[in-house]
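A.B. asks: What follows is a structure written as structure tokens; I'll ask about it next.
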Amino acid sequence: LRRAAAAVRETDVPVAFPTETVYGLGADAGRTAAVKAIFVAKGRPADNPLIVHVDGLGMLRGILRGQKVEGGQTDTADPIPPIYRPLVQRFWPGPLTIILPLPPASAAPSPLAPETTATLSTFGARMPRSLLALALIRASGRPLAAPSANASTRPSPTAAEHVVTDLRGKIALVLDGGPCAVGVESTVVDGLVSPPVVLRPGGVGLEELRGVPGWEDVKVGYKDRAERDEIKEGKGEQRKGPRAPGMKYRHYAPRAPVLLFEAGTPAPAAEDVAVRAAGASVGVIRTGTWPRAFGLDITAAEDLDTAAGTGAPVSGDAAAGPGAEASLRVYDVALGPDTSSVARGLFAALRALDECGTGAIYVEGIKEESGSGVAAAVMNRVRKAA
Ligand code: TXA
Ligand code: MG
């Protein structure tokens, strides 16, 4: 922690750290050179703003008041907009990011580097629940600009090993906090518009938000497809881009094509899988009722290790029924039974199946009404990957 905090304060090399959602790649949110290095390490487009991570409301109020460093303020009025107060009281620390107005440009120097906000007039803020994350922010004494610590477009990292796979040689160190407890990113909400909107589904579900005063009518303001498609289809029509700029990019994708079967649709037939695979290996991520390895007859099985410890994929050579000629290697991951375990294991499963060299990954979708409210985030991420 001391080395990581020193890197944040004294160098322009970003530091990876765990949060309860996914691992983040952090730097001093107020320093241009440090924030630029995050974009370079990830290969992230510069027009996609970063979330500012704070260790508490004091640090957030300091930013809103336009202070370069927190503490020592005499102003008694709370600069946090009233709409957000019951929300952060309920969900912070935790997987929720709120969009806030930047202090007026007259407050110089600005507490946030323009690169952090991609020159928007707003910024996203969140207080993570992970103790290592909070300790790093506290020890640095700086708000941390931090996107997920994956290479841009890859599945988000939910274990330190995933960060090393993507960013080895590009960052100074990773604080290893083990696998992430939630497994999908924070919910991003905008309460500066009426009614408020969810810009990205995440660890806090819509129904949970609706239980908070002022948030009863919160609307869904995101699409599950890559939003770039829509902009293209809208040709000449002057369509507006997505509200959360990051939602327009290809995201969360492993190298292998992902074939998503929405909840309630029939499982793929074993014979079809065998034909499609054409002798190559396939992966399957099961979440409920699909039979192991599509019900193919597994002749050999071995356990493989996954970094996140979320249930190892099982591989086996399967025969596609009597008379089938080629045998097929199937890597099978079961993520159920509940929604939160699916969320926790999803990104690790996509990564593990990629490392097995599978030619295609079949995913059994989950019902969005079911379970703890992270189902919408799970399906949003899989649809974007598929
Ligand atoms: O759980 C999380 O939020 C993780 C951990 C590390 O905290 N971070 C994360 O960051 O997912 P990132 O950069 O991968 O995603 C940030 C999302 C993007 O979709 C971005 O466009 C949106 O938040 N965002 C950030 N600032 C915004 C703003 N001012 N207005 C609208 N959307 C914003
Ligand atoms: Mg990300």
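Each Cβ is built from the backbone N, Cα and C atoms, and glycine gets one as well.
Annotations per TrEMBL:
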type	residues	note
DOMAIN	1-204	domain 'YrdC-like'
BINDING	Thr21, His53, Thr122, Arg126, Ala146, Ser186	L-threonine binding site
BINDING	Arg44, Asn48, Ser148, Ser156, Arg200, Tyr252	ATP binding site
REGION	226-248	region 'Disordered'
COMPBIAS	226-240	compositional bias 'Basic and acidic residues'
A.B. asks: Counting every protein chain present, what is the number of Cβ atoms, excluding its own, within 10 Å of the Cβ of Arg126 (L-threonine binding site)?
C.D. replies: 29
A.B. asks: Using a 6 Å cut-off on Cβ distance, which of the binding-site residues Ala146, Ser148, Ser156, Tyr252 come close to any atom of ligand 1?
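C.D. replies: With ligand 1 as the reference and 6 Å as the Cβ limit, the list reads Ala146, Ser148.
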A.B. asks: List those of the binding-site residues Thr21, Arg44, Ser148 whose Cβ lies under 6 Å from any atom of ligand 2, in sequence order, or write none if there are none.
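C.D. replies: The qualifying binding-site residues are Ser148.
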A.B. asks: Round to a whole number and give the Cα-to-Cα distance in Å for the pair Ser186 (L-threonine binding site) and Tyr252 (ATP binding site).
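C.D. replies: That separation, Cα to Cα, works out to 14 Å.
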A.B. asks: Which residues of the same chain, at least 6 positions away in sequence, have a Cβ lying under 8 Å from the Cβ of His53 (L-threonine binding site)?
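C.D. replies: Counting only residues 6 or more apart in sequence, the Cβ neighbours of His53 (L-threonine binding site) under 8 Å are Thr19, Gly24, Gly26, Ala125, Arg126, Met127, Pro128, Ala133, Ile137, Pro143, Leu144, Ala145, Ala146.
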A.B. asks: If you count the other Cβ atoms within 10 Å of each Cβ, which of the binding-site residues Ser148, Ser156 comes out on top?
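C.D. replies: Sorting the candidates by Cβ neighbours within 10 Å, the top entry is Ser148.
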A.B. asks: Given a 10 Å Cβ-Cβ cut-off, pick out the one of the binding-site residues Asn48, Thr122, Ser186 that has the most other Cβ atoms nearby.
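C.D. replies: Per the Cβ count within 10 Å, the most buried is Ser186.
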A.B. asks: To see if you understand the setup: which same-chain residues, six or more apart in sequence, place their Cβ under 8 Å from that of Tyr252 (ATP binding site)?
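C.D. replies: Sequence-distant Cβ neighbours: Thr153, Arg154, Pro155, Ser156, Phe347, Leu350, Arg381, Val382, Lys384, Ala385.
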A.B. asks: Considering every residue in the domain 'YrdC-like' (1-204), what is the mean pLDDT value?
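C.D. replies: Taking every residue in the domain 'YrdC-like' (1-204) and averaging pLDDT yields 94.
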A.B. asks: Counting across all protein chains shown, how many other Cβ atoms sit within 10 Å of the Cβ of Arg44 (ATP binding site)?
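C.D. replies: A count of 20.
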A.B. asks: Once the DSSP letters are reduced so that anything not helix or strand counts as coil, what is Ser186 (L-threonine binding site)?
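C.D. replies: DSSP call for Ser186 (L-threonine binding site): coil, neither helix nor strand.
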A.B. asks: For Thr21 (L-threonine binding site), which residues in the same chain are close in space, meaning a Cβ under 8 Å from its Cβ, but six or more apart along the sequence?
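C.D. replies: Set apart from Thr21 (L-threonine binding site) by at least 6 residues yet with Cβ under 8 Å, we have Pro95, Pro128, Cys180, Val182, Gly183, Val184, Glu185, Ser186, Gly202, Gly203.
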A.B. asks: Let me make sure I understand the structure: which of the binding-site residues listed (Ala146, Arg200) has the fewest other Cβ atoms within 10 A of its Cβ?
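C.D. replies: Least crowded of the binding-site residues Ala146, Arg200, by Cβ count within 10 Å, is Arg200.
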